[in-house]
Structure formats: structure tokens, C-alpha cells
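Okay, so here's the structure we're looking at.
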Amino acid sequence: MSTLQGLLDALQHHKLQLLCIGPLVYACVSFIIKIVYRIYFHPLAKFPGPKIAAATHLYEVAWDYFGQGAYLYEIQRMHEKYGPIVRINPIELSVNDPEFYNVLYVGGSVRKTNALPSFGDGMDFNGSHGMTVDHDHHRLRRKPMEPFFSKGSIARLEDRLQELTVTLVQRLHEYRGTGRVLRLDHVFAAMAGDVVNVLCIANPTMSFLRHSDFNPYWYELFHTLIRSMPLFMNFPWVIKIVRLIPTSLLEKLDPRSQMFRDWRMMSVNHIIDAKQRKERGLIFVNEEDKMKCETLFDHIVNSDLPEAELSVERLASEAQVVMGAGTVTTARTMDFLAVRILLNDSVCQRLRDELREPMKDFPERIPSYAELEKLPWLQACIKEALRLSPGLTHRLPRVSPHEELIYKDWVIPRNTPVGMSALFMHMDPLVYKDPTEYRPERWLEDVTPEMHRNYVPFTKGSRRCLGVELSYAEITLVFASLFGPKGPKLKLYETNESDGDPACHFLLPLPRLDSKGIRVTVEA
């Protein structure tokens, strides 16, 4: 009896310690059970890949967050070791086989395709079409936007692009002969941001190009967000905590965040105005008026979307995603292209020679995009830049909710995220000779069907990038103007290929993080 009483007394004495240790023991046991399940009993347990990647998402987080976006290179090493299909985290597969690309990235008529929820959850932009998980819901939101971004529509909006291009060239000429060093990557971010503003909300008070130094905070804000994406995407609760922090405190911690808030508020005001104009029956009286004034959100508000999809909150999320995607992706490709052209005298001179005649009357007359896309060397330069520096190098996982996917002898279970990287497609040495070299002439020589098959800078399928035509038009107009006879004479300043090449592959690729940027002077 005394022994039992002693045991009870001991338990009572250590009650507090047990209450503290108990949850910890439970958490550890649960974690171990989860790891054992993932490695040996999960539906993906049969697929090859390192056990640590199968066990925990922390392996990916370590490579991307602490390794500066290096998980893509680790995935490449996995493929070299384990083969064309590998398990890269507890729930996801990666395939490195060009033949499978058109099987995975398909249109809605072939198969319904869902997105990976962590994309939208991590950035808290589930209201935008690009972050919408369900195939049918995504299609509902995307369909009204497609006409605005079609090639014909971009041609009608071309006057706005040309005006911004003229402003860009005029601003660069202000530096002519001064010896002042200019950040060209800031310039391109400003240009891309202004294009999105003009086409989306047309706010006259917002102009990055007219900012005294092209508003470097705009560039830095997006780069900071991109570097945080591995954390947000793997731990979606982080962004929800950030949302709880008062705006005033956030702006004290990082004053640059005010620009993102300002963009959202301008978008909200424009969307409210567009909805009020619709309610009052105020529409564009003719095609010319529509061509000059209609914005993306005018277009969406007047579409046949159900009212539930036209909430100000949802459309404001759409505006933020369009601004982010439309700024960073296009600007990064222009960064890469400018460096490669300026470093290669023969490429640069051939481009200047081709542009001498068509651009001779700039800025009084600017050739249309339709005219400029017929210039073979200019288009080859752009296409090769998009091959080596696509706006998205992330693996872009797709989910088949209703059908198993078949890859060779492998049966991929339904609802399994499967991704492929454009960079792997573009760097295939069996398709592109000397794949790491910038050689625009490859697109003018013996172009094979495999080269076209592997060329996927904007991905394919029902979730293909909406802004393909806008991106091509913007890059074409900018570089035709910069390297035409009336363009500024740019000269690189302490800048090399590594300052423009994609090196850190977060959701969006960035150059090496210790780069001082793409610096140039403008010669007299």
C-alpha cells in the first residue's frame, strides 16, 4: 500500500512536468509516424527519389529559402541520379522528359487540370484567376480576360505601349554624356510596371518611368517578395499572420510596402468606378474611344461574369497578381536580353543594322508590332532570350483530379501534383546545340520540330500565361527603340553575364543575390 501511495505522490509531484512533456512526446511520435507513412506507405512511395525529400517539405525549404532558390538545381541532380521521374517532396513528382510535356500541360478539352493549393494559399491571392485551384472555376474567371490579352486586342492597345516606349527613350537620353551610372534593371521594372498600370487601371498619378531614378523601391519590393515565396508557399499560415500586422507598423518596418498598398487602393478605386459606370449605363460610345480608354477591369466588369465573381475584393487580388506577374517576368527577360546584346558586338551591330531603316523616323513614326515582328534578327534575339531566361523557371505543378496519368510504366495517382521546368526543356542538349550559349542565329538556321516542341517560356495548356502577346509586344517595341538609330548609346558599366542570368530559381527567377544590378552609362 505504501509503495502505491509513493507512486501516486511521485506522479502528483511531477504532474506539471508530465503536462509539459506530454504534448512534446505526442508531437514527436506523430512526426515520426508521418515520416514513416510518407516514406513507406504513401501512394507515391513507389516512385524514385531521395528519402529525405519524401519525408518532409523542409528539404525543399532549406534549398530554396536558405540556399537562395537552388532547389531547381537539386531536382536536376535528382533526375541525373534517379531517372526522368522523381519524387521531389512528400506530395509531388517532377518529370524531365520533353515527350511528356504535352501530356501534362493540356487544354480543357483534353483533361481538367487543377492547380496546387499552396500557390494561392501562400500568397493569399486565391481570388485571382491564376491562383484558382479548381479547373472549372479557373476557366470561369479566366475566359472573360482572354479577349483583352489577345493579339488583336494588343494591336488596338499599341498606342499606349508606344507612348510609354517614347517616354523610356527620352528618360534615358537625359543621361547622355553625363557619365552617370544608371540601373537598367530598375528602368525595365519601371517600364513593365507602367505598362500594367496603363492597361489595368490607367491611373494618371502613377508613373515609375517619370520618377527621378525610376523608383528603385518598386524593383526592390518585388525582389524581396520573390525571395520570401519559398517560406510563404510551404507555410501558408505565415502570410495570414503578416496580414494581421497593422499597415502602419508594416510600413515602418519596410516603407517600400506602402507602394503595394497604394497599388491595391488605386485598383480598388478604379474597380469601384468601373462598376458604378456600368450601373449608370455609361459605356464606350465607339471603338476608338474604347481603344484609347478601356482598361482590363473595365473589360472584366462589363463581361458576363456572375456578380459573385465581380466583388471588389476579388478583383483587387486579380490586380495585384497581374501587376506582380506582368512586371517581374517581362522585366527579367529584358534584363537578360540587354546584357547579352551589349556584351556581344556582332549581335548588337547586326540588330542596329536591321533596325536602321524601320526605326529611322522614331519617335514621330513608330512601326507597329506587326511590322516589327517580321524583323528576323530582332525576333531571334528575343526568342533566344526567352529560351535562356523565361519569366517562370519554377516547375509549375499540375493536378489531374479525375484521371490517372501514365508515364511509361508509371501510373501517377489522381490528385498528384506533377511539374516540369521550362529551364529543363530549354537546356536539353539533344535539342539545342550548346544550350547554355546565347545564339540567336539558332532560330534562323536549321530549326527542328523538337526545338519548337521544347520551347515553352509561357508554358502550355489551359493555364498558359495570359500575357504572351503583351510580353512579346512590349519587349519588341522596347528593344527596337533602344537599338534603333535614335536610341540611346548604352554601355555596360562593371556588369557581366552573371548580373542578368537567372541564378536563383524561386517561383520567379532572379540573378545572383549579390549582384549590383545591370549598370550602364549613356554615351554622347
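Cβ atoms are placed via backbone N, Cα and C, with glycine included.
Feature annotation from Swiss-Prot assigns transmembrane segment to 16-36; the stated evidence is sequence analysis. Among the features that Swiss-Prot reports, N-linked glycosylation site is placed at Asn126, Asn344, Asn496, with the record citing sequence analysis. Residues or ranges marked as heme binding site by Swiss-Prot: Cys465.
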Nearest of the glycosylation sites to the residue listed as 'heme binding site' by CA-CA distance, picking from Asn126, Asn344, Asn496?
Asn126
Other than its own, how many Cβ atoms are within 10 Å of the Cβ belonging to Asn344 (N-linked glycosylation site)?
16
For Asn496 (N-linked glycosylation site) and Asn126 (N-linked glycosylation site), what Cα-Cα distance in Å is obtained after rounding to a whole number?
39
Any idea what the Cα distance is from Asn126 (N-linked glycosylation site) over to Asn344 (N-linked glycosylation site), rounded to a whole Å?
43
